[in-house]
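Here's the structure we're looking at; comments come further down.
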Amino acid sequence: QGDPLKVKVNKLTSIKTQLPYSYYSLPFCPPKKIVDSAENLGEVLRGDRIENSPYVFKMREPQMCSVLCRITLDAKAAKQFQEKIDDEYRVNMILDNLPLVVPIRRLDQGSPTVYQLGYHVGLKGQYTGSKEEKFFIHNHLAFTVKYHRDPQTDSARIVGFEVKPYSIKHEYEGKWSENTRLTTCDPHTKHTVVNSNTPQEVEANKEIIFTYDVEYQESDVKWASRWDAYLLMSDDQIHWFSIVNSLMIVLFLSGMVAMIMLRTLYRDISKYNELETQEEAQEETGWKLVHGDVFRPPSNSDLLCVYVGTGIQFLGMVLVTMIFAVFGFLSPSNRGGLMTAMLLLWVFMGIFAGYASSRLYKMFKGTEWKKISLKTACLFPGIVFAIFFVLNALIWGQKSSGAVPFGTMFALVVMWFGISVPLVFVGGYIGFKKPAIEDPVKTNKIPRQIPEQAWYMNPIFSILIGGILPFGAVFIELFFILTSIWLNQFYYIFGFLFLVFIILLITCAEITIVLCYFQLCSEDYLWWWRSYLTSGSSALYLFLYATFYFFTKLEITKLVSGMLYFGYMLIASYAFFVLTGTIGFYACFWFTRLIYSSVK
């Protein structure tokens, strides 16, 4: 009891603009000296700027109407406040690592309270009978700190941090001094602020007095489960529904793959080996006719190696991140933890990227492993970094705290060229030292002519069809992920996400195998790139869905914010393309080797 509690302020955020700003970019009451808390890599990239605040709380000692400070707005400050209120900015604060929330009671009884992260800077409205829109600022904050008491020691732990913001035009008598009593909010006369009936306008040359109350409530919530209220899951049902829906797709595809396997590996082959004696062997159509061409290296084989390597790097990163997340190491209470973990894992997975790309490269009779390793290390990160750099310049132009500072940018480049690139080379060296993968059948000297294909076997058509099912398997979960990123909510249902991810892997593999088999049966042996693009095309649907989401769910009006959204979604879709494409490619690679190795 009586211990000082440090309230920290975080960034101002808005769903409308997606541009965070630091708290003191608005002329709020500053402390004597603003101290910036140390942030981890993930927090900096997310735009978190955590600083100290002038609020003074003492544990379990309630306060009423404490005056924070009195400021008089000049025209510039008033305009800043009005802009932020217009864009629906919210103030985020932190007490003992818990974010500040505003409890919003639902209208229907019995339903749980919804928590909104952070309180709005202010609100717009009109006085009764007037058409003119005014801006009002929330200058009185009624904080509630919930604590869980330890019966043995009588000390307590903080388990909740809530606020109800009010806008009130404070009044006082006489001249203003340090200990002037407010007539509108006076603890001595038990006169407290309970509504915003006489709100405080934001206009130039008006004075604003900032005040706050702190009350303490004992709570039954244990410290270990204090995050549960924030992570209250609205609806389990829809996730189970989406998983059942995806499993149906998987079962259907698995059935098809099983049928193909049985046909090719048993019936076809026994028949084929019987026919060899007769002349009918020449009439035998389908995939066996192209056995002399199926393992002919594709055009642009270098690029394929690079993309497959990158995909393996990505797959490793996503898998390990998810396993950590499922075990609860990356919960939202660990701010920026997810981002930091993903970046570090990406860097260290470079060794697998180099290995995968140089193994494939050697199989294509390539000799310059250094060149392929360099391309693998630089192509995907280079493109992503370029887009990121442009977006960062845009955010920086808006003076937002979301802009990554030069130091962090430099740290990212050092991680890329100092750790990732050398590891790719190490992987490349190991992969190239291994003996090349042997083809199960010999490749003919002269390429065979590909017969005229039916319209539905047209590459573009079959590639576009291939992407629909993997996308269909994940799109409901995708909605929740987008909502958590762009509407400022916590995402933590990693268990569901992991299930969906496994379903995605299986779907990508199976749809590619099915389409690859149909393609080989119609004597078209150019399967290398097509297998990559078939499942990779689901990224196109991802981007289209992101566009649909932008126009239906988000209220972004600013050009810069729109560019940010589409820039980040482009990066996400590109990553998704590399991931799903690689899964499809490896599935098809395994399948072709399997069926051709049984043809003697």
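Backbone N, Cα and C atoms are what each Cβ position is placed from, and that goes for glycine too.
Annotated features in TrEMBL:
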type	residues	note
TRANSMEM	240-262	transmembrane segment
TRANSMEM	304-330	transmembrane segment
TRANSMEM	336-356	transmembrane segment
TRANSMEM	377-397	transmembrane segment
TRANSMEM	409-432	transmembrane segment
TRANSMEM	453-486	transmembrane segment
TRANSMEM	492-520	transmembrane segment
TRANSMEM	532-551	transmembrane segment
TRANSMEM	563-591	transmembrane segment
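Beyond the transmembrane segment (453-486), the same-chain residues lying 6 or more positions past its ends with a Cβ under 8 Å from any Cβ of the stretch are 15, 18, 238-239, 241-242, 245-246, 249-250, 253, 493, 496-497, 500-501, 503-504, 507-508, 511-512, 515, 518-519, 522, 524, 530, 533-542, 545-546, 549, 553-554, 565, 580, 584.
The stretch in closest packing with the transmembrane segment (336-356), judged by the count of Cβ pairs under 8 Å and taken from 240-262, 377-397, 409-432, 563-591, is 409-432. Remote same-chain partners of the transmembrane segment (240-262), defined as residues 6 or more beyond its termini with a Cβ less than 8 Å from a stretch Cβ, comprise 469, 472-474, 476-477, 496, 499-500, 503, 506-507, 510-511, 513-514, 517. When the stretches 409-432, 492-520, 563-591 are ranked by Cβ pairs under 8 Å to the transmembrane segment (532-551), first place goes to 563-591.
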